[in-house]
Amino acid sequence: MATASEIAAVGVIGAGQMGSGIAQLAAAAGCAVLLLDADSAALSRAVASISASLRRLAAKGQLSQFGPQTACEDSIKRIRCVSTVQDLRDADLVIEAIVENEDVKKQLFVELDEITKASAILASNTSSISITRLASATKRPSQVIGMHFFNPPPIMKLIEIIRGADTSDEVFAAVKSFSERLGKSVICSQDYPGFIVNRILMPMINEAFWALYTGVATKEDIDTGMKLGTNHPMGPLQLADFIGLDVCLSVLRVLHNGLGDNKYSPCPLLVQYVDAGRLGKKRGLGVYSYAQKSSSLKPKSSL
């Protein structure tokens with residue numbers, strides 16, 4: 001099994017915002033990156049996004065003290081787009097950032113277990129699903145671990161590491177050191193539903209939906225109250241839109257099923273929005289409308 005310093009090739013599965021951000025971090029840290037997605041258009045968008053992000057960082061001198069422009073171009077060249085799991089056979093570490101669905105993730109881990117080399121570490125970017133159960137789909141549960149990045153990965157300073165029941169001390173140490181190599185602060189959670197951050201955050205978001213659903217206040221006043229009253233950078237409803245309402249709903253269902261407490265039961269309004277395809281910023285409509293908006297948020301006043 002590779003130590004942190006021996007992790008030279010990193011496979012990232014999923015070319016969405018999370019996967020592309022993770023790929024960017026690994027490439028900037030000097031790793032050869034294999035970015036996997038079956039959708040060629042998603043890969044093209046990811047490469048364009050990563051290139052633009054790296055160039056912005058290079059312009060600010062935040063990539064390398066040895067010629068930021070060179071560091072930018074070198075990082076971009078370290079990323080190779082691939083379309084099949086077989087292309088990850090030589091990766092030292094594989095991080096999946098696919099849909100937050102346990103069955104889909106388990107099937108992927110079965111495939112990775114068969115294809116990757118015996119020493120490879122398999123990591124999940126899941127925000128709530130049991131690492132122990134994902135690891136049970138493999139013949140190497142000691143080498144399976146959770147690496148929960150936060151959105152957007154290049155900007156957010158935290159990685160939440162989750163050990164499954166059988167995750168070895170060596171794998172934990174290697175992944176912790178690798179996370180710090182990416183420039184991140186690390187917290188470690190036991191394998192409980194929602195881990196640390198979402199165990200606390202999602203009930204707050206859910207309660208904000210309940211406040212909106214029951215007419216306590218408008219969405220603007222709920223968000224303004226939490227921003228100015230508790231010094232949060234954005235309100236819980238706006239944050240839910242940025243996370244993705246489908247992701248929030250999925251995490252709440254994991255919490256509700258896993259912990260058996262009705263306080264985690266998703267608000268009907270959240271369920272209705274997801275059923276209607278109002279998934280948040282990524283779809284242009286969630287609690288707020290993002291159609292034809294610039295970088296500044298100008299929410300509508302109506303529901």
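Heads up, residue numbers simply count up from 1 along the chain you see.
Any Cβ shown, glycine's included, is placed from N, Cα and C.
Here TrEMBL flags GLY14, ALA15, GLY16, GLN17, MET18, GLY19, ASP37, GLU100, LYS105, SER127, ASN151, LYS282 as NAD(+) binding site. Residues annotated as CoA binding site in TrEMBL: SER53, LYS60, SER127. Among the features that TrEMBL reports, domain '3-hydroxyacyl-CoA dehydrogenase NAD binding' is placed at 10-191. According to TrEMBL, the feature domain '3-hydroxyacyl-CoA dehydrogenase C-terminal' maps to 194-290. Sequence annotations record features per position, and here TrEMBL assigns site 'Important for catalytic activity' to HIS148.
A sphere of 10 angstroms centred on the C-beta of LYS60 (CoA binding site) encloses 9 other C-beta atoms. Neighbour counts were taken as the number of other C-beta atoms within 10 angstroms of each residue's C-beta; across the binding-site residues GLY14, GLY16, the minimum falls on GLY16. Neighbours of ASP37 (NAD(+) binding site), defined as other CB atoms within 10 A of its CB across all chains, total 23. All chains included, 21 other C-beta atoms sit within 10 angstroms of the C-beta of LYS105 (NAD(+) binding site). Confidence across the domain '3-hydroxyacyl-CoA dehydrogenase NAD binding' (10-191), taken as the mean pLDDT and rounded to a whole number, stands at 93.
Remark: of the binding-site residues SER53, SER127, ASN151, the most isolated position is ASN151 (fewest other Cβ atoms within 10 Å of its Cβ). Around the Cβ of MET18 (NAD(+) binding site), the same chain contributes ALA97, ASN125, PHE149, ASN151, PRO153, each under 8 angstroms and 6 or more positions distant in sequence. The Cβ of HIS148 (site 'Important for catalytic activity') has 23 other Cβ atoms within 10 Å, all protein chains considered. Rounded to a whole value, the Cα-Cα separation of LYS105 (NAD(+) binding site) and SER53 (CoA binding site) is 28 Å. Look at the domain '3-hydroxyacyl-CoA dehydrogenase C-terminal' (194-290): DSSP puts its residues at 66 helix, 3 strand, 28 coil. It is 14 Å from the Cα atom of GLY16 (NAD(+) binding site) to that of SER53 (CoA binding site).
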